[in-house]
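Everything below concerns the one structure shown next.
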C-alpha cells in the first residue's frame, strides 16, 4: 500500500528536524528599523513642517480654507506659527509691494535653517495684474527671497496647495546633510542691510521739453481750435417753484 502525500510530509517533518527561522530574528525585525541619518532627519522634518503664513491678497483666503474640517491640513503635520523663529516654511500669498519688501525679507532672515519658501498665486510669482499699471508691485517674489516651489493660479485651489506641500515633502526627503551648504542661495537681490540709492522722480514732465518732442509739440500748436459754440438754453429753478427760461 502506497502511503499518501500527507503521511510522507508528516513523516519527513518529524524525522528530518528542519531548521526554522529563529524567533529572536523575528522579534528584532519587527522592532528595529535600519536607516541612515539623512533619512531619519528628513523624515522628522517633512512630517512636521511649521509654516509662517504671509498673506497680502485674495490668495490667502484659499489657504485659510485649509484650516477647516473639510480639508484638514493638520494631517500633514502643518502647524501655523505666528513667529518666524519657530517656522521652517513661509507661504507668500498675494501681491508684494516695495513697501512690504523689507518686512518680508526680515521675516525670511529671522527663520532658522533649513527653511523653505512657497510662492502661491500669480501675483506672488510674476506680479499678476497689478504689475502692468502699478510701479510699486514687485514682479516676482524671487527677486527678494529664494523660492523653493512655485504654485500658479489666481487663486490656486486648496487641492493645489496640498499638491504643493506633497512636492515640497518629496524635496525635503531627498536632501542630504553634506549637500546642505551647497543648496544655500549665493545671490540675493535685496537684503535688510542693503542701502537703496535715492534717485530723482521719473515722472517729472521734463521729457516734453526735450528736442525730440519739440517737433510734435509745434505741430500740435499749429492746429486750429474752434472755441465758438452756440449757447445752449438753460433753465433755472427757483426756490418758490418758479422757473425762468433764457
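Our numbering is plain: 1 for the first residue shown, then up by one each step along the chain.
Glycine is no exception: its Cβ is also placed from the backbone N, Cα and C atoms.
These numbers come from a predicted model, not from an experiment.
Sequence annotations record features per position, and here Swiss-Prot assigns [4Fe-4S] cluster binding site to 58, 59, 123, 154. A helical conformation is recorded for residue 59 ([4Fe-4S] cluster binding site) in the three-state DSSP classification. For residue 59 ([4Fe-4S] cluster binding site), the same-chain residues 6+ apart in sequence whose C-beta sits under 8 angstroms from its C-beta are 93, 94, 120, 121, 123, 124, 153, 154, 155, 156.
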Lowest local Cβ density among 58, 123, 154, which the record lists as binding-site residues, within 10 Å: 154
